[in-house]
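Taking it in order: structure first as C-alpha cells, then the write-up.
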Amino acid sequence: MSQVKSSYSYDAPSDFINFSSLDDEGDTQNIDSWFEEKANLENKLLGKNGTGGLFQGKTPLRKANLQQAIVTPLKPVDNTYYKEAEKENLVEQSIPSNACSSLEVEAAISRKTPAQPQRRSLRLSAQKDLEQKEKHHVKMKAKRCATPVIIDEILPSKKMKVSNNKKKPEEEGSAHQDTAEKNASSPEKAKGRHTVPCMPPAKQKFLKSTEEQELEKSMKMQQEVVEMRKKNEEFKKLALAGIGQPVKKSVSQVTKSVDFHFRTDERIKQHPKNQEEYKEVNFTSELRKHPSSPARVTKGCTIVKPFNLSQGKKRTFDETVSTYVPLAQQVEDFHKRTPNRYHLRSKKDDINLLPSKSSVTKICRDPQTPVLQTKHRARAVTCKSTAELEAEELEKLQQYKFKARELDPRILEGGPILPKKPPVKPPTEPIGFDLEIEKRIQERESKKKTEDEHFEFHSRPCPTKILEDVVGVPEKKVLPITVPKSPAFALKNRIRMPTKEDEEEDEPVVIKAQPVPHYGVPFKPQIPEARTVEICPFSFDSRDKERQLQKEKKIKELQKGEVPKFKALPLPHFDTINLPEKKVKNVTQIEPFCLETDRRGALKAQTWKHQLEEELRQQKEAACFKARPNTVISQEPFVPKKEKKSVAEGLSGSLVQEPFQLATEKRAKERQELEKRMAEVEAQKAQQLEEARLQEEEQKKEELARLRRELVHKANPIRKYQGLEIKSSDQPLTVPVSPKFSTRFHC
C-alpha cells in the first residue's frame with residue numbers, strides 16, 4: 001500500500017482558506033499582505049487602458065510562502081456555480097477584478113513550482129490541459145469584455161476569424177511552455193490550485209436564471225397560442241367558403257425545429273451576493289420547531305436523445321397492442337389480491353422517508369478501492385463437481401453386492417459351451433380358404449340368365465270407357481261455402497277457442513289401387529331367392545368412383561337420347577256421339593249474414609237488462625219493512641243466581657285458606673318414584689346377568705362331561721351277519737377233449 005500511495009497523487013483544490021498558517025510568529029507583521037496585494041492589483045488594472053496590459057503587469061508577491069486564498073466551489077472539478085458566477089461577472093462588468101487576481105496568483109504560484117521527478121499520471125495531464133485551455137478562454141473573454149463597442153461596431157469576417165484562430169495555437173504553445181516550467185518548480189502549491197474545465201468559445205452558452213427561463217416558457221406558450229389562433233381562423237375561412245370556392249392552401253413546414261434543452265440550465269444556484277445573510281438563532285428555541293424540508297436531490301447528467309425534426313402520427317406497436325385481460329379474470333385477481341394496507345412496510349422504505357442528515361455531501365480525498373458488486377451476483381453452482389460424482393459412484397459400488405455362482409465343470413473339461421440349437425421347423429405352407437359364400441356366389445351367377453326374354457308387342461282392342469266418359473282426369477273437389485264472419489278489428493291479439501263449426505272433419509284416406517299391368521305381357525311371378533348377407537370390403541373410395549362413373553354414364557345417355565317419334569291414335573267411330581252429360585251447377589243462393597258484433601251486442605243488452613231488474617228488485621225488498629218473529633215470549637225469564645258462600649266465610653267475613661301443594665314436594669315424590677323404577681331396572685339387569693352366567697357355567701360343565709365321554713376308548717361288539725347258503729350247480733361236468741394240433745387231416 002505504501003508504494004501505491006507514493007505513486008498516486010490527486011490534484012484537488014482545498015475548500016477552505018487555512019488562516020492558521022497566517023497566525024505563525026514570523027508572519028505577524030505581514031497579516032494583511034494578501035489583501036494589500038489584491039488592492040494593488042485592482043488599482044493597476046483600473047489605471048491601465050486596453051487589454052494589452054491586463055496580463056503584463058504581474059507583480060511578485062511579498063512572500064513566497066504566503067498561503068494564497070483562492071475561492072473554489074463545493075465540487076472539486078465540475079463546478080457549475082464558479083462558471084456561472086464568472087460568466088455573469090464577465091457579462092456585467094468590463095474588467096472582472098476577481099478573475100485577473102486569480103490568474104495572477106496562479107501565474108505567480110506556477111513560476112515557483114519545481115520540476116516533479118515523479119511520473120505524471122493521465123489524470124494530472126488531463127487536468128493541466130484543462131487548466132491551460134481555461135486560462136486562454138478567460139483571456140479571450142476579458143479582451144471581449146474590455147472592448148465591447150469595437151466588437152459590436154465592426155464584426156470580423158470569416159477569414160479574419162480563421163486567421164486569428166490559427167495564431168492562437170502559437171500563443172498557446174508558448175504559454176504552455178511557460179506554465180509547464182512554472183508548475184514543475186512548485187509541486188506542493190499545485191495541490192491547492194483549482195482545475196476548471198474549459199469549453200471552446202463557439203460552444204460557450206450564457207446561463208439564464210430561473211425567472212428568465214420562466215419568462216421564456218411563457219413567451220413560447222403565447223407564440224403557440226397565436227399560431228393556433230391563426231390556424232383556427234384559416235380553418236374557419238375554409239369552412240365558410242364552401243366546397244366550390246377556391247381556397248388558398250396554407251403551406252405547412254415539414255421540418256419541425258426543436259430548441260436544445262440542457263438539464264444543467266435547471267440547476268442554476270443563486271449568487272452568494274443574492275443569498276440571505278446568516279442570522280444568529282437561539283438553539284433551544286428552535287428545538288421544538290418542525291424540521292425543514294429535505295435537501296434537494298441533485299439531478300443527473302443530461303440524457304442525450306435523438307433530434308425529432310419531424311414527428312410521425314403513426315402509433316408504435318407498444319401503444320396499440322396491449323395484453324387483453326378479461327373482466328372475469330380482473331375481478332378474480334382483485335378478490336385474490338391482498339390490499340396494500342395489510343402488507344407490512346419494509347425498513348428500507350422507512351429509511352428512505354426520513355430526511356437526510358447531511359445536506360452537503362462529504363468528499364473523501366483518500367483513494368479507495370471500487371466496491372464491485374459482481375461477487376454478490378454469483379449464482380449457486382447447480383452442476384456437480386468431479387469429486388462429488390466420484391463419491392456417488394463409489395457409494396453405488398459399495399452398495400452393490402456381488403454373489404458368485406457355482407463353477408460349471410464343463411469349462412474345465414474343454415470345448416465351447418454353446419446353447420442347444422432349436423430344431424428347424426418347416427416353412428408354413430399356404431392353404432387356400434374354401435368358403436361357403438364363394439360357392440353360393442358361383443351358383444347364383446350360373447343360375448342368372450345371360451340374356452333377357454325377347455318381348456313382342458301385340459295390340460289389343462280400344463277400351464270403350466274412353467268414349468263414354470273422361471278417363472284419367474280427377475274429379476273436381478267441391479269446396480265448402482264461405483261463411484261470413486264479422487271482422488274483430490279491436491281484438492287482433494285475442495285467441496278464441498275453435499268452435500265445432502270451424503273444426504273440419506278429417507277426410508278419409510283414399511286408398512288408391514295399383515295401376516293395371518300391361519295385358520300384352522304375360523305375368524310371371526319372380527320368387528325371391530333366399531339370400532344371405534354378402535361380406536364386401538368396406539371402402540368409400542371404390543364406392544365414390546363407381547357412383548361417379550354411373551353419374552357420367554347417365555348424363556351421356558340423357559344427352560344422346562333420341563327425339564320421341566310421333567304416333568297418332570286411331571280415329572274414333574263418328575256414327576254415334578257418346579259425350580258425357582253437361583253438369584249444370586246450382587246458382588248461389590243469397591243468405592242474410594249475421595255479424596258477430598250484432599250477436600255480442602244483443603247478448604250484452606240482455607245481460608244488462610237482467611242486472612238492472614235484479615238491482616231494482618233488491619232495492620224494493622230493502623225498502624219494504626218486515627218484522628222478525630218475537631222469540632222473547634217463548635223463552636224463560638232471567639233469574640239471577642245466588643252466590644254460595646261457606647258457613648265460616650259467612651260468619652267471620654274472611655276467606656278460609658285452601659290446602660296447597662309445594663312444587664318441591666311434588667318433584668321429590670316424582671324423584672323417589674324414578675329412583676325406585678331405576679333400582680328395579682338395575683335389579684332386573686343384575687338378575688338377568690346372573691342367570692346368563694349360571695347358564696354358561698352349566699353349558700361348560702356339560703361340554704366337559706361330553707368330551708370326557710368321547711375321549712374314553714370303548715371297543716365295538718362283533719357284528720353278526722346272515723349265514724351263507726351254498727347251493728349245488730345245475731350245469732353238467734366239463735368233458736375233456738384233446739386238442740388237434742396236427743394239420744395232416746386238413747383238406
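The first residue you see is number 1, and the count goes up from there.
Each Cβ is built from the backbone N, Cα and C atoms, and glycine gets one as well.
These features come from Swiss-Prot:
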- Thr59: phosphothreonine (MOD_RES)
- Thr72: phosphothreonine (MOD_RES)
- 110-143: region 'Disordered' (REGION)
- Ser121: phosphoserine (MOD_RES)
- Lys128: N6-acetyllysine (MOD_RES)
- 156-202: region 'Disordered' (REGION)
- 167-181: compositional bias 'Basic and acidic residues' (COMPBIAS)
- Ser257: phosphoserine (MOD_RES)
- Ser292: phosphoserine (MOD_RES)
- Ser293: phosphoserine (MOD_RES)
- Lys305: N6-acetyllysine (MOD_RES)
- Ser359: phosphoserine (MOD_RES)
- Thr369: phosphothreonine (MOD_RES)
- Lys375: N6-acetyllysine (MOD_RES)
- Lys477: SUMO2 cross-link (CROSSLNK)
- Ser486: phosphoserine (MOD_RES)
- Lys500: SUMO2 cross-link (CROSSLNK)
- Lys641: SUMO2 cross-link (CROSSLNK)
- Lys740: SUMO2 cross-link (CROSSLNK)
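Overlay of Swiss-Prot annotations on the structure.
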residue	record	DSSP class
Lys128	N6-acetyllysine	helix
Ser257	phosphoserine	coil
Lys305	N6-acetyllysine	coil
Thr369	phosphothreonine	coil
Lys477	SUMO2 cross-link	coil
Ser486	phosphoserine	coil
Lys641	SUMO2 cross-link	coil
Lys740	SUMO2 cross-link	coil
Tell me, how many other CB atoms lie within 10 A of the CB of Ser257 (phosphoserine), whichever protein chain they belong to?
7
Using the alpha carbons only, what distance in Å do you get between Lys128 (N6-acetyllysine) and Lys641 (SUMO2 cross-link) once rounded?
142
Lys128, Lys305, Lys477, Lys740 as recorded positions, winner by CB count within 10 A:
Lys128
Determine the Cβ neighbour count for Lys641 (SUMO2 cross-link): the number of other Cβ atoms within 10 Å of its Cβ.
5
On a simple 10 Å Cβ count over all chains shown, which one of the modified residues Thr369, Ser486 is most densely packed?
Ser486
How big is the gap, in Å, between the Cα of Ser257 (phosphoserine) and that of Lys305 (N6-acetyllysine), rounded to a whole number?
14
Do you know offhand how many angstrom separate Lys477 (SUMO2 cross-link) and Ser486 (phosphoserine) by C-alpha?
27
Which of the recorded positions Thr369, Ser486, Lys740 has its Cα nearest to the Cα of Lys641 (SUMO2 cross-link)?
Ser486
In whole Å, how far is Lys305 (N6-acetyllysine) from Ser486 (phosphoserine) when you measure between their Cα atoms?
89
Which whole-number value in Å describes the distance between the Cα atoms of Lys305 (N6-acetyllysine) and Thr369 (phosphothreonine)?
33
What whole-number Å value do you get for the CA-CA distance of Lys740 (SUMO2 cross-link) and Thr369 (phosphothreonine)?
142
